[in-house]
Amino acid sequence: LTGVLDDCLCDIESIDDFNTFKIFPKIQKLQERDYFRYYKVNLKRPCPFWADDGHCSIKDCHVEPCPESKIPVGIKAGSSNKYSKAANNSKELEDCEQANKLGAVNSTLSNQSKEAFIDWARYDDSQDHFCELDDERSPDAQYVDLLLNPERYTGYKGPSAWRVWNSIYEENCFKPRSVYRPLNPLAPSRGGDDGESFYTWLEGLCLEKRVFYKLISGLHASINLHLCANYLLEETWGKPRWGPNVKEFTRRFDPAETKGEGPRRLKNLYFLYLIELRALSKVAPYFERAVVDLYTGNGHEDAQSKALLLDIFRDTKSFHMHFDEKSMFAGDKKGAKSLKEEFRLHFKNISRIMDCVGCDKCRLWGKLQTQGLGTALKILFSEKEIQSLPENSPSKGFQLTRQEIVALVNAFGRLSTSIKELQNFKVLLQQTR
């Protein structure tokens, strides 16, 4: 897998080097810090599209929620919009009740800040959300320690998994009715009309619709890579041994096994990496402000986490072959606005499909990765709002909840891991030949 990616001026080798030597070691460290390892998620939301076909009973599908006592006090006490120390210094019960009512009000703040918080509560930010967010106040929402629930092969497959991916590809990716071939790579083949004619059609789509398909395909490839790299190789005397499964990797990505499609799927993974990398470089000014504190209640830890995050942002800005999102939605204003809204609603629908995944661990990581990508898209389309942020007060127009921040970093961490695992599989394949 080499050469320049379609729809951007970036080559695979540059991404490999940049990821291996700059990003991967730092993002790994960041994901281990308390602020980023605890993710609040509701794994009990019913599937909104079809009757639930029962949850996966395989033990590796299980997610172990984190006991309240283990959650850092600053994370536990904060409402979804509170990521700064000032916003967490509640003194009275009344303040807490008021904060709950408005979702983001805290009486220890100045009147000016209070007004800004009230504006946030009134501001209908659903217009810039690409994801359906879990209600963190729901009794079913629980904190999960991501380090204790790693994404790996669980054995979840069959009709339930197929239905989820089929719904994502067939009902949400854009395609004209004249194309009969299923977009879903898991679908059975339809004779000779696979391969090149499908991609000729894809190239004929407008950039935005092409990008949408590539993002979904890239996410699918990344998830498949994680499963191949962290596979249950054997279980002897109740001691499981996890590791890379070259045979499974070959089945999913080898050109001969996939009618030439495996390398295309992997290229879409690189494309997705570029999109999320671009979002990280664009959101840097939001976090560079002194008012933003990655608050857990441990001052030393929080300062280190922020310093590491800002260091990663410096690296993302230094990358010289970014995707240019200005090329998207750049036509006539009315058409561009309507296309952007269609793009947003299709993606929001995909985030809702994650509540139909029957395996809890797959659902957890599916929700986190779609939310991370949704947050990246929200950032890319909010450039003006980010540039005009006030330095020392909460921002009204653009804000990120802690849930979105954690999803953004961990989703990009997963892509960084995928590209690193791909290097590993290249070495393993050379050894087996």
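Heads up, the Cβ atoms here are built off N, Cα and C, so glycines get one too.
Residues or ranges marked as disulfide bond in TrEMBL: Cys56-Cys61, Cys359-Cys362. Per TrEMBL, the feature FAD binding site maps to Arg152, Thr154, Trp165, Ser217, His220, Arg252. The active site, nucleophile annotation in TrEMBL covers Cys359. The active site annotation in TrEMBL covers Cys362.
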Would you mind reading off the Cα separation of Cys61 (disulfide bond) from the residue listed as 'active site, nucleophile', to the nearest angstrom?
5
Spatial neighbours of Cys359 (active site, nucleophile), counting only the binding-site residues Arg152, Thr154, Trp165, His220, Arg252 and Cα distances within 10 Å:
Thr154
Please report how many Å separate the Cα atom of Ser217 (FAD binding site) from that of Cys362 (disulfide bond), as a whole number.
17
Within 10 Å of each Cβ, count the other Cβ atoms, then let me know which of the binding-site residues Arg152, Arg252 comes out lowest.
Arg152
Return the residue, from the listed disulfide-bonded residues Cys61, Cys362, with the maximum count of other C-beta atoms within 10 angstroms of its C-beta.
Cys362
Among Arg152, Thr154, Trp165, Ser217, His220, Arg252, recorded FAD binders, what is the largest CA to CA distance in Å?
21
Give me the CA-CA distance between Cys362 (disulfide bond) and Arg252 (FAD binding site), in Å, as a whole number.
18
